Amino acid sequence: MRFTFAAFLSALLAFTPFVTASSGILQSRSLAQCQQNSSFSASLFDVLFTADDGILDFNITGVSTVQGNVTIELVVFAYGLKAYTKTIDPCQSNLEGLCPMQQAPLNIKSNTQVPADALRQIPGITYTVPDLDAKVQVYFNLTSTGQSVACVEAELSNGKTVYQSAVGWSIACVSGLALLASAVTAGLGHSNAAAHVAANAMALFGYFQAQAFIGMTAVSLPPIVSAWTQNFQWSMGIIRLGFLQDIATWYQRATGGTPSTVLSNLSQTSVQVQKRSIDAYSHAMEAAISNLKRSVLGARSNAGGPSNTDSSNTVVVKGIDRVGFRAGIEESNIFMTGYMIFIAFVMFTIIGVLLFKGVCELLTRAGRMKGDKFKDFRNGWTTVLKGIMFRIVLIGFPQMVVLCFWEFTQRDSGAIVVLAVFTIFAMLSILAWAASKVIRLARRSISMHKNPAYILYSDPVSLNKWGFLYVQFKATAYFWVVPSLIYILIKGLFVALVQSSGIIQAIAFVVIEALYLIAVCVMRPYMDKKTNGFNISICVINFLSSIFLLVFTEIFNQPGIVTGAMGVIFFVYNAAFSLILLIIVLVASVIAVFAKNPDTRYQPMRDDRGSFIKSSNNLNTELDALGATARGESRHHKGARIEDDDDSWSGASGDPKHGVQGQTAYMGSHNNSYSDAPPRSPGFQSDSASGRHAAPPSFQSRGARGKGALDMTSWWAAVGEIRKLAAERQQHQDKDDLVDSVLEMYLDESEKAGWM
């Protein structure tokens, strides 16, 4: 029987010009059924052909219930196109044991030499093209009736793939370095450059997660698309580390769960990674799979007949299971792996911030670093750390939405489900609170100053803590964080909860991406033209990818070659776009860190945020001093708190300087640092009794309403500050001109108000 089946495989290869190789290899690790009630099945199918020596190795375990004379029909598909068809009569071809076929179990492990003339029929490109989209189907037809009694198909691979661990790690490093560069740039005081780098880095990270979403759908993807999207699964926490797998398995068992054993039983189980279907038989197979256990991972035996003793096990993986299988992660460990990766990211970030704080202090005390370097960070590092934690929650939000809601359908163990519930709803609460906080601050700023940017950017505490939600948007689009979070949440829900239907997922993706693209194009919510262009281009690519995803479902019944060609096109344009984005972000990050003044590369924001962003530790110009004094601050007063007193849950600082005494005129009627009394100066003697020289109505009325208006005392204090700085720098003429301009503005308004 061994010799007979080996001869059959040799004949099959001889009549199949697309079978085999990489320096040259061709291999197949699964034998799937391609018709219902097939009379031939295999629990293990591992075939490897090496072109250099022409040796075909095979290891097959299965059972056949076919009995009688048959003809064998070979059909080879390449990229959806029927490339080769051959009918073989085992009796005429002297295939002993197949003429006639007998009911018998199969257990074959052997090798055979492939004839040289068969090798010459194999095109050279077969060995080199990555993620070869080819398969061979074998039909066993009864000679007497022509009826097909069995059909099996084998996916062919040449060992070449676009899924490379080095690619994934490289992309991850660039993304991480971009986020780190934005933090360093902000610490050096270049707020404009830092905001641009951070916005682009976050957009890039979001694009990578969108690619990962496509790979997690239940759509039967072309091999090259499945492999390409696998490069981005690290952004969803799908990273295989051996010790994490051990911890996840132990935890599941300890909490009453039953770990899956697909990967550990590969020697006994034939695993088929679901790819795009070829013909109507595949649709029938998919319908059968949908009724299997857990809707996405099933085992079945298709051999039939009275003497059927087959215990074969064919496993088909798709969607999130497919992603986990390709990463080498058991299905029951996928959630815990992603969860532990996220927790590790949080912990390493906290440790990194603490170490950076310690190193900065040590270098400063040792005289190795100037005292004003990263001074804002060193003085308010706890607030900065809170902001970083919020940003990490935002980065991990898409990952945890998918994994946590998907875990609700898997129920690996009771404790793991509780962990998923706590995690996702905690993250939703944190982001909802942060978004509402930003909206309240912006509305208060509009009410007080007719400009949302005033409070959002003038208070360093609010900027460091909540800025991750709005710095990438223009001030008037402060609310855009809410639509963006809803967009991520809805996409994640479809990926997690609709694993049983790839068509529904694809249609949902098209609708969601179309609506979001239209909204972004109409609103243009980002900070400037370049950032809008950067994000709109990502939205366009995401929308285009969703259309391709819909085509991959074969809902349009297009020819197979169309699907195969579109898979290659999907890879090409996404690879080119990813490279362009990486170069843009990498160049911007390098310039931001090493340029002397990277802010000069960017135009000032139209929302005038730059005039409100200030350093609370170093007033570099006379205009900074004027603005600080006009706000009720001084060179020795560290920043004003604008947040509500009842917002302590959101991270109100424990620093006494940020308490009630640290509040300024931003708090309106809650603060008495500004008096409504008229100014006292040589040029304007006050007459409080008559009120003849009271503050101008445009100022005083606003102050009485608690709007934090400027009064004459603040103006004259600012003038004094300017004169002091002018004297220090011996630039009397220029500074006197500035003082005169300030006084002239005030006198003009006073005269218009009838104060003089």
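Quick reminder: no glycine exception, Cβ is built from N, Cα and C everywhere.
Where the annotation comes from TrEMBL, it is an automatic prediction and has not been curated.
Computed from a predicted structure; not experimentally measured.
Database features (TrEMBL):
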type: COMPBIAS; residues: 661-675; note: compositional bias 'Polar residues'
type: DOMAIN; residues: 24-163; note: domain 'ML-like'
type: REGION; residues: 630-707; note: region 'Disordered'
type: SIGNAL; residues: 1-21; note: signal peptide
type: TRANSMEM; residues: 339-363; note: transmembrane segment
type: TRANSMEM; residues: 384-408; note: transmembrane segment
type: TRANSMEM; residues: 414-435; note: transmembrane segment
type: TRANSMEM; residues: 477-497; note: transmembrane segment
type: TRANSMEM; residues: 503-522; note: transmembrane segment
type: TRANSMEM; residues: 534-556; note: transmembrane segment
type: TRANSMEM; residues: 568-595; note: transmembrane segment
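The domain 'ML-like' (24-163): residue composition by secondary structure is 8 helix, 76 strand, 56 coil, according to DSSP.
When pLDDT values are averaged over the domain 'ML-like' (24-163), the model yields 77. Sequence-remote contacts of a segment are chain residues at least 6 beyond its ends whose Cβ falls under 8 Å from one of its Cβ atoms, and for the transmembrane segment (477-497) they are 210, 213, 216-217, 320, 397-398, 401-406, 408-409, 428, 431, 435, 438-439, 442, 452, 456, 469-470, 504-505, 508-509, 512, 516, 519, 523, 525-526.
Remote same-chain residues near the transmembrane segment (503-522) are listed as 213-214, 217-219, 483, 487, 490-491, 494-495, 532, 535-536, 539-540, 542-543, 545-547, 549-550, 552-553, 555 (criterion: CB distance under 8 Å, separation of at least six residues from the stretch ends).
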